[in-house]
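Pulled from TrEMBL, these are the features on record:
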type	residues	note
DOMAIN	B:13-265	domain 'Glycoside hydrolase family 65 N-terminal'
DOMAIN	B:322-688	domain 'Glycoside hydrolase family 65 central catalytic'
BINDING	B:Trp357, B:Asp358, B:Lys601, B:Gln602	substrate binding site
ACT_SITE	B:Glu488	active site, proton donor
DOMAIN	B:698-759	domain 'Glycoside hydrolase family 65 C-terminal'
Protein chains: 2
Amino acid sequence: MSTYLKHDEWSIVEEGFHPEKSRDSESLFSIGNGHMGQRANFEEKYSGVTLQGHYIAGIYYPDKTRVGWWKNGYPEYFAKVINAPSWIGIDVKVDGEMLDLATCKILEFRRELNMKQSVLEREFTVAMQSGIQLHVKSTRFLSITEHELGLIRYSITPLNQSVSLEILPYIDADVENEDSNYNEKFWEKTDGSCYHHEAYITSKTKKLDFNICTGMLFDVFAGGNKLTTKAHLVEEDLLLGNKVILNANSDEEIVVYKYATVVTSLDHKVSDLMQVARKKLQDANSKGFHAILKDHINEWAQKWEHSDIVIEGDVAAQQGIRFNILQLNHTYTGKDARFNIGPKGFTGEKYGGSTYWDTEAYCLPFYMATAGEEVAKNLLVYRYNHLQRAIENAEKLGFTDGAALYPMVTMNGEECHNEWEITFEEIHRNGAIAFAINSYIRYTGHESYLADKGLEVLMGISRFWAQRITFSEAKGKYVMLGVTGPNEYENNVNNNWYTNTIACWCLEYTIEALQKVKETNIARYKEIITKTAFDDKKEVGKWQDIIKNMYYPTEEKLKIFLQQDGYMDKEQILVKDLDIKNRPLNQKWSWDRILRSCYIKQADVLQGIYFLENRFDIETIRRNYEFYESRTVHESSLSPCVHSILASKIGKTDQAYELYLRTARLDLDDYNKEVREGLHITSMAGTWLSIVEGFGGMRVVDGKVGFTPSIPQGWNAYSFRIVHRGTALRIRVTTEEVMVFNEHGPDSQIMVYGKPYTVAKNSNIVAELSK
Amino acid sequence: MSTYLKHDEWSIVEEGFHPEKSRDSESLFSIGNGHMGQRANFEEKYSGVTLQGHYIAGIYYPDKTRVGWWKNGYPEYFAKVINAPSWIGIDVKVDGEMLDLATCKILEFRRELNMKQSVLEREFTVAMQSGIQLHVKSTRFLSITEHELGLIRYSITPLNQSVSLEILPYIDADVENEDSNYNEKFWEKTDGSCYHHEAYITSKTKKLDFNICTGMLFDVFAGGNKLTTKAHLVEEDLLLGNKVILNANSDEEIVVYKYATVVTSLDHKVSDLMQVARKKLQDANSKGFHAILKDHINEWAQKWEHSDIVIEGDVAAQQGIRFNILQLNHTYTGKDARFNIGPKGFTGEKYGGSTYWDTEAYCLPFYMATAGEEVAKNLLVYRYNHLQRAIENAEKLGFTDGAALYPMVTMNGEECHNEWEITFEEIHRNGAIAFAINSYIRYTGHESYLADKGLEVLMGISRFWAQRITFSEAKGKYVMLGVTGPNEYENNVNNNWYTNTIACWCLEYTIEALQKVKETNIARYKEIITKTAFDDKKEVGKWQDIIKNMYYPTEEKLKIFLQQDGYMDKEQILVKDLDIKNRPLNQKWSWDRILRSCYIKQADVLQGIYFLENRFDIETIRRNYEFYESRTVHESSLSPCVHSILASKIGKTDQAYELYLRTARLDLDDYNKEVREGLHITSMAGTWLSIVEGFGGMRVVDGKVGFTPSIPQGWNAYSFRIVHRGTALRIRVTTEEVMVFNEHGPDSQIMVYGKPYTVAKNSNIVAELSK
């Protein structure tokens, strides 16, 4: 566990420079605005350890697949979020010596990610090798109002003498991905222009023809006056900039305002890109740094108003949850159904791809409750738009007649993962995609989404299950062979309880959805039936037969659902009895040893119980929780939140809190020793769930939102805000009571501990905390 | 199925040039002598499709592993047999035009691999683009008596006019592996010398420091007279040669005799290599091409005397079995325990590595019966020498206390395979290595090998099994979880019957071996016990408990052994009922579909029944054979032979013959459409087994060799020869009778159809063929 950061309610703060943590800090201080994002690389040159990273939503590259042993059905490429041209660079030479925190003596250093404002600040005092002392302060943000803009204020003050400064603001298109499979570069420059205090480069990805223009425009102020002296144009092949040479007196602050833009062919005509970029920067420059920053801060205040969770009495927990909310909002704003939420967001390269089942299983509820129905719907539409590709993906694996298998990892709907036990077998992802449709409708009440788009997706998914499930003559039951469940520490197992369960749930829900659309929109129903060549009687008949005769493994003596066939043949040594030197298993044990052990990477049976909680009585939940929690090593960042929510459910608040802590500060405290690779964006949504659905006990049943709050020991109070069917509710839980306040929107019927209340607009209800 | 080759009893013949088959032919006409081998590339330039291949036994390269998703425990490199510098090159220019079969007009072409002599001949008449006609004949062989020598006689005769010839014999160190993971070259040149009619290059592998010297020396004869005119030295960076320019009259035969050598640091001091090479070539030149060829032919006559199988009345079958025997003898001569038998021998690059379990499971019996006891023993010693590395390999996977897991693929004892379901889970290979010790002793009677080397290997292997097997509280039995059996179309299964069976057999045999060594060589016994820190009572006690309480899956209704837990849950659609368009499965189906199907790649339960045949009554064998044969797709070249042998055993001679044909001409007829990559060397031993153990029914029981022959329809007779405990027996089976002749060695007690006979030296016994 790493503890070099200060605990603070609203900021991430590094005091004193920690070069050994430089890549960690680059991840942790990342900023983003949904359109683009970047690691917290330095503006000035840094010759120490660094992972340069600047990423643009929806711009990716089909890197040639690397694989040891090719298997039929593997995709030929692996789509990667790619490192884009960088616009942050400002080289500084002081009396001819390059400013570089790796080589000069650092007298003071402070870095702060102001979470309230989403502003990255850095301030340091250094002694150059020449002895000259310098104070530098930089302020950087990616505008949330003008999402194609990034701005920097960079000030340099010589402290003990007057100096000659060479300042080179530049843009650099010579970038590469650390994780390129064959050390290939993904971009080529198509054009470049360099003017006085301006520079533009257009680049194109070598495949897929994504075009972007990266541009910068800057002003330099000395003593409050804008300098107009001619700059020297610097025009290297892939680097364009302007060198400004000036003298600065002792204690005179030299300030560079750098306006940068990234515009892409996703939003503009390729031929217009450079022109659009220039116009954008000139407009920004007219408006000015401070005015744009003000808009940015105001918009972030709004975002926090909607999504903040306040924890009183626990600064570390408060900082953790705000960091998670901030980074989720950096990654995805939900304005565009072409985008999705990558596991590392804009903070690193690992995992490639942008969309896993994480989106549906973990992220959807967060965005639905805090960012609104349209945002949530866009996440569903993303999958609807990929339906045809999911059908083609299933065809590659031998399925027919419109069966759809959504990819494990994707950018554009095509599979880009290549590990047979995951790509071909971790098919439960289909279930989460169907479940998300159900969650959305349950939460918003928008039944019409089924007719509009949802039903087609459900039918493709159910057709897949009906073909993937086979009949075992030996058992006289339907079975599902050769799958990998959510617990990836088992591969190629038979009858994973979760997968069997979610598959049959899909069949049931699709039958129900067919019926609903038929009843409410017969024209659309007929249209869908025709479009999909659906044989209602035969296909639904088969589905019903499967639902009726599906096999579910159970352990009769312990009265639990069994993760898969044969699980009880394993040596049952509980996690608590396993010598800690074996942990984490994925770093200490070979894969076969992990597979044949009883240890569970992440919620599997419990994932099913979490999704379909209303099917199970509390004792069943308790028995399964106790059995599986004692065998779960939580070596996936997606695991503890589900356990935490169920622990809250069965009244184990202490354990729920312990589990909550493992995700809330996962990256800040670098539990998994990998924050250098980037942040765990999607699991951050799980932290939000742990509070809202866990401690808050929020559930939506029959169109009503309900709460069964508990509060962890040591917290004085916590509060969160959700929007449900047009009503904004703020829930505050103290050690004594539960208060629900209706901030705006119509009166709301809610439940607290199963008891109905009406919360009128601008008023609240109070209930005693159940202990 | 490809049929461009002529059927011939003693030769592989291509008449007319088939450029579309050029890579196939290069594989099929490969030659070798145990020390080195090469694909049948052309001496003169060839700009058509080609895979240049020249390989040296024991010289390999640790290529950096390529893997999509790294797993803990994977080796960092994959050892590859590497393409070595080529010495066959003879460029020919005719009036300035390069001779190249891809560009000139081919009037006649004939290529022959003379199997009796292991001589590669090529003869062609071409018209150059200039209109000049040329007749060329080349004769090439790798000396089996002087294994560091390769010789070429290359003759050129202008047919219709006198021409100016430029002849450039050369050696070329600029070689690469087609399958290099990162397009790296593996060799660097360390030195080179070029003299009149001579050239030498020393090269070193970039890792592991294998050093070799490749040298050539040549003479040119015109009209029977040796030319002495000064040659032009050609000294490019990695290519050294001599250019000879001369005029040849119409119909005048110009002959180049090229003597080449490859000497390596495995056999010589690095500093001596060039000197050794030069001396070797000068000696060879003194002796002369024809004298060396004569020795070579004589030695091959001997080899055939020992290993030939004669089939009367079926030319295709005859050619097939001889081709297999030839290529096995090209690959491995058994003179050196540092070498082993790679799956492609010296005929291609695919698979890398040199040693799979194929050696023990398939190749050992062939070499034991035809090449002698020392050769067979060297194959065992190879593994003994790798015992320490097998222990280290097991340690990497978490095993302790001297447990040994032999690698799936290796060069030097270290694992170099990286696919978790194989590398970590296809552990039955350990069983074959133990079984080979038993086979060797059973065949030769050399019980002392146990004390000498065998016991230590057995103990390491048994210690592995005892740790790998775990106790299932649920079953109240020992189980083995997460394995891949010989049938690689199942991965990560529980309780593979074959693996459970061979593991317990290993435990039993090790207990027996411990007892034997204790009784016969107590000093050595004590030495081993001390060396291995063996706790006799505790460890043997555990082994006995496992033997007694092991779980074996069975199907009670059908009374068969069950391949693994859950096999009967699969859809049981027999191979005969599967539409042919699905075959081969590994090209048509995705991996998950293969895995969850009932189809079997290669003998699995039947491999166990084959190994331990004496444990099972004939009805048990028949039931299992019928069940599994109907589900087996034989998509491994190692599969049909085991089925063929068992089919013979249960009297299904027609089916045995059908299965035999699938291996006997696998490469000649290119069944699997991949002969372009090289030959299936190890499965060739299976063809030999199909005849000797299948049709011939040879078994060794209680020190006696016995036969239960049958004969396929259409064959008039077949005969084979084995050496058993010093006696050379020739067995001839006609449609009427079985004749066993004692060629030399002491009188032999044998069994025919279970009836004992004594075959005196130089005499035979005759029995009626059982029908």
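Placement of Cβ uses the backbone N, Cα and C atoms for every residue, glycine included.
Please treat TrEMBL annotations as automatic predictions, because they have not gone through curation.
On the structure: features taken from TrEMBL.
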residue: B:Trp357; record: substrate binding site; CB count, 10 Å: 23
residue: B:Asp358; record: substrate binding site; CB count, 10 Å: 24
residue: B:Glu488; record: active site, proton donor; CB count, 10 Å: 20
residue: B:Lys601; record: substrate binding site; CB count, 10 Å: 22
residue: B:Gln602; record: substrate binding site; CB count, 10 Å: 24
(request) Determine which residues of this chain, when B:Trp357, B:Asp358, B:Lys601, B:Gln602 are set aside, have a Cβ within 8 Å of the centroid of the substrate site's Cβ atoms, and list them as they appear in the sequence. (result) B:Tyr356, B:Ala361, B:Pro486, B:Glu488, B:Ala603, B:Ser636, B:Leu638, B:Ser639
(request) Could you tell me how many residues in the domain 'Glycoside hydrolase family 65 C-terminal' (B:698-759) are helical, how many are strand and how many are coil under DSSP? (result) 0 helix, 41 strand, 21 coil
(message) Measuring Cα to Cα, how many Å separate B:Trp357 (substrate binding site) from B:Glu488 (active site, proton donor)?
(response) 13
(message) When DSSP is mapped onto helix/strand/coil, what comes out for the residue listed as 'active site, proton donor'?
(response) coil
(message) Considering every residue in the domain 'Glycoside hydrolase family 65 N-terminal' (B:13-265), what is the mean pLDDT value?
(response) 95
(request) Provide, as an integer number of angstrom, the distance between the C-alpha atoms of B:Asp358 (substrate binding site) and B:Glu488 (active site, proton donor). (result) 14
(message) So, three-state DSSP: helix, strand or coil for B:Asp358 (substrate binding site)?
(response) helix
(request) Determine, to the nearest whole angstrom, how far the Cα atom of B:Lys601 (substrate binding site) is from the Cα atom of the residue listed as 'active site, proton donor'. (result) 6
(request) For B:Gln602 (substrate binding site) and the residue listed as 'active site, proton donor', determine the Cα separation and express it in whole Å. (result) 8
